[in-house]
Structure formats: C-alpha cells, structure tokens
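First, the structure itself, so that you have it in front of you.
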Amino acid sequence: MEILNYILNLGFTFWLLFLTIASGLIYIIDFVFFQKSRLAAYADELKGLSKKQKRQFYKDRGLKAPFIADQARSLFSVFFVVFILRTFLIGNFLIPTASMTPTLPVGDFIFVNKTAYGIRAPFTNETLIKVGEPKRGDIVVFHFPVNPNVDFVKRVIGLPGDVISYKDKMLTINGKKLEYTNCNRDAMNYYNQSLAAGSGDTVCTENLDGVKHEVDWIEFVKGTDFEDLKVPAGSYFVMGDNRDNSEDSRYWGFVPEKDLVGKAKVVWMSWDKIDKKVRWDEIGKVF
C-alpha cells in the first residue's frame, strides 16, 4: 500500500516525463543498433536514392521497425509536446468544492496560464524566468502549503507588505476599506440543507483594486475576523469568494511565491453533477 501511495503521489508530470524518455530511448536504441542491420541486405539498392525515395522503398518492401519501436517513435512526439504544454505553459484544474462560488461553482474546468508569473522548473517549481507577479484580485492556482501534492484555487487578497483586516465580513487593506455594492439578501430555506455546499444568504459585489467580483457569506457565521495582519515578503494572502465556506489563508496561513502554479484564465467546461447537465452559461467565462 505504501508503494502504491508513493507511485500515485509522483503525479501526472512525473509519469508523462517517464513515458517521454522511455519512448525516446526505445526509438533511439532501435535506430542506432538495429535499423542498420535490417537494411544491410538492401545497401546496393539504396545507393543514390534521396530520403523521399528511401522512405518509399521502405514502404514498398514493408521494411518497418518492430511494432514496439514503431509505436515508440509515433508516441514520443505526442508525449513530448504534451509534456512541454502541461509542464510549462497550460494547466487544467477542476473546481472540487464550493469555496470559490459564485465565481467558480463546483464542476467548472478551468485552463490555468502557467507562464503568467514565470517559467518554472518541473517538480521543484523553482522560477527559471520571472515574467510577472500576482495582482490583487487574481484567481490563482497553487500548491497547498500544508500538502504540496494538492492544488488549491483562491483569489489573491493581500500582496507582500500589505496590512489586512477582516471584520464583520468586510476587508480593509492598508487602512482602506473595500467597497461593497449590490448587496442582496436571498430568501433561503435552511431546513435540511448543508451549509458546506456554499449556501450563503447574502451576495455582494466586492471591488478589489478595480477587480469587481461577487462574494457571498452566511449572516450567522462569524467568518474568522482578524486585524492588522501583515503579509510577509515573498508570500500572498488568499481567500475564497465564498467567504464562510472556504478554508484559506485565514486558517492555514500565507501562500509562498514558490508554491504558485499559475493564473486562472478561462472556464472551458462546466458540469453540474447534481442536475447532470452541462452549464453552458459558464463556458467561456474569462478572468
């Protein structure tokens, strides 16, 4: 069981790299050590032929590489391209909980721009080329500091050096209270409902340095108030938009810069598992 857990925890990137290297090695070994002997009997006929003519010659006589080597050659380019895209450029993330509702409901699939803040090395996540820095209001995907094998998605609230307070559901950043507008109280029936599903009864539009987004909260939940919390250098304070149903920096602390994966860009698919249908109005939502 421990070995199985270890293998599973290696992650998709590791196995993609393994398959890329393995398929490449199989093809190279066949090309270097075995292809020459297969073609030796046709050396005289191959003299003077162009590359195109040689390929046609091989095809006409069925001089293909063994099945494994031939498949390895075909798959290597696929694995290599996917590895580059998946590791350095684009990520995919499924919203598993209601912590980011109403912005990102459960079942949303989002593309993540991994180059938004820099080009990072696989496995170590160290920044190779710095491109930019998170801005207040960005929706970011990051490795959970408590368990780096798990990725979270939250909204950036505090930047390095910011002083943040959260009291009575309202945020204050560097002494300036955020603007909350369009607050609506929903008529909710809490009988036999789970609050963990994101059933806040008040929804407001929060203005976070020009980034306007909806947040919701439950009036009778305290929401973990705090005052004058300073964000350390190289770290970020993040929160879910579903303020009373989100485990975030209020509970487990700051997100180090080295744990950032990328910035959420667009919803490419949305599935409502309760009603078992596609949420077409969610698809194409850009952040």
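Glycine is no exception: its Cβ is also placed from the backbone N, Cα and C atoms.
Okay, so TrEMBL annotates it like this:
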| type | residues | note |
| --- | --- | --- |
| TRANSMEM | 6-29 | transmembrane segment |
| DOMAIN | 71-268 | domain 'Peptidase S26' |
| TRANSMEM | 74-95 | transmembrane segment |
| ACT_SITE | Ser99 | active site |
| ACT_SITE | Lys154 | active site |
To the nearest Å, how far is the Cα of Lys154 (active site) from the Cα of Ser99 (active site)?
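Cα-Cα, rounded: 8 Å.
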What is the total of other Cβ atoms whose distance to the Cβ of Ser99 (active site) is within 10 Å?
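Its Cβ shell of radius 10 Å holds 23 other Cβ atoms.
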What three-state class does DSSP give Ser99 (active site)?
coil
Just to be sure I understand the packing, how many Cβ atoms besides its own are within 10 Å of the Cβ of Lys154 (active site)?
24
